[in-house]
């Protein structure tokens, strides 16, 4: 895989947040929208707030991956924009809401107001569809509409039926998509992209969310799953939108990771010629489990859930709480008629599909890694594709491979994921320290480095698992196993350099100490 280029190293900036220095690290592959959300979070500003960033002299700083770095002695400051600086679309929504609230406060004419709100909401939805507003803008609009709805309920003494397409639940949890499906942007994939999608070398960083959704939609059509399960194509679009909406904006466990794992699964299906060895139902189970495997991941792993005695840990009795939650959210989405891609499947067949998807998602719990790999090792030398137990074990190993396959990709694609994962680890370990919980050394920002984080994982987890799969599919050696060996060598070289620098620094420090000793 070769050595990494400095152009792919993460970027660091320093912010002044209430008089304190806040360090912010992000990948150069982040979009401006992702960077703005990260800056809002770091500055304790609500998400989706319009912001600008200024340097110590008050000059505006561009918020994008190419922004100039600064130092702790020259802090940037994130400043929320006033309502007057928002776009025309936001003004339109604010004006409508203000007029409705004003009329309500003057007249208390509930029935007339309900009719007017219904008409205005219908008009706004049509404008949203026609103008293709971004998800962030729709989220802002949804929050304002919910506030108005709550205000009307509290003043009017009863619920007002809202005809809009958004589904507001009491706890704020939403599994339906926020965008209307028929106007879902359609991207025509080039032949070059179609061929690249089938390979583990695919660069997952160059795609916006709508483009990733189109790629996932293409995979389902290309594998024949839409035809096999008699899926309504609009339902498939709506299901994918709901999936995207239910991945949180974490440094690592986000929708891009979902796409990364799903694309690797699609690539392995082609690379290993699984269409000739497994059934179309198996293909659908593999792809759907990959798409759903980290739904609503909170960014804190099972160890934290159990040690902190969170609601998830209590609900699932400390047994794979996150993986059980991912399954629950997946089938909560599928329980919605408008999102049920398996609606036309025989009930008995769906029961088996559901159980198989649950089995695969639960297999992604790394606490079960040794158990699952050992089981596969006992079967691989005499593997029987007609044996249901053998095939189930293979599918469990395949989703595990795809889930942790970043180092299979080229260095410039793989290395930013390490930065993202470490950032999520550090967020957890900082929280564990503040709550007095145990901290794993490999997640402690004071103890771990990128080389030390990767070497052991590649040597003792990734390579043994992929080499075992290679016994069944020898064709993966050049494309998947060799890159892992190259990655291991790359990080071992980096560790040697780090060790040499550390040893040199210690030697210089000792010399200075000896020099200062009196004769």
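Including glycine, each Cβ sits where the backbone N, Cα and C put it.
Whatever TrEMBL says is automated annotation, not expert-curated.
These come from TrEMBL:
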DOMAIN    177-498  domain 'PDEase'
BINDING   253, 254, 255, 256, 257, 294, 403, 454  AMP binding site
ACT_SITE  253  active site, proton donor
BINDING   257, 293, 294, 403  Zn(2+) 1 binding site
BINDING   294  Zn(2+) 2 binding site
Remaining residues near the recorded Zn(2+) 1 site, that is with C-beta within 8 Å of the centroid of the site residues 257, 293, 294, 403: 253, 258, 261, 290, 297, 364
Residues near residue 454 (AMP binding site) in space but at least six apart in sequence (CB under 8 A): 407, 418, 487, 491
Integer Å distance between the CA atoms belonging to residue 293 (Zn(2+) 1 binding site) and residue 253 (AMP binding site): 10
Cβ-Cβ neighbours of residue 253 (AMP binding site) (radius 10 Å): 25
Binding-site residues: 256, 257, 293 - member with fewest neighbouring CB atoms within 10 Å: 256
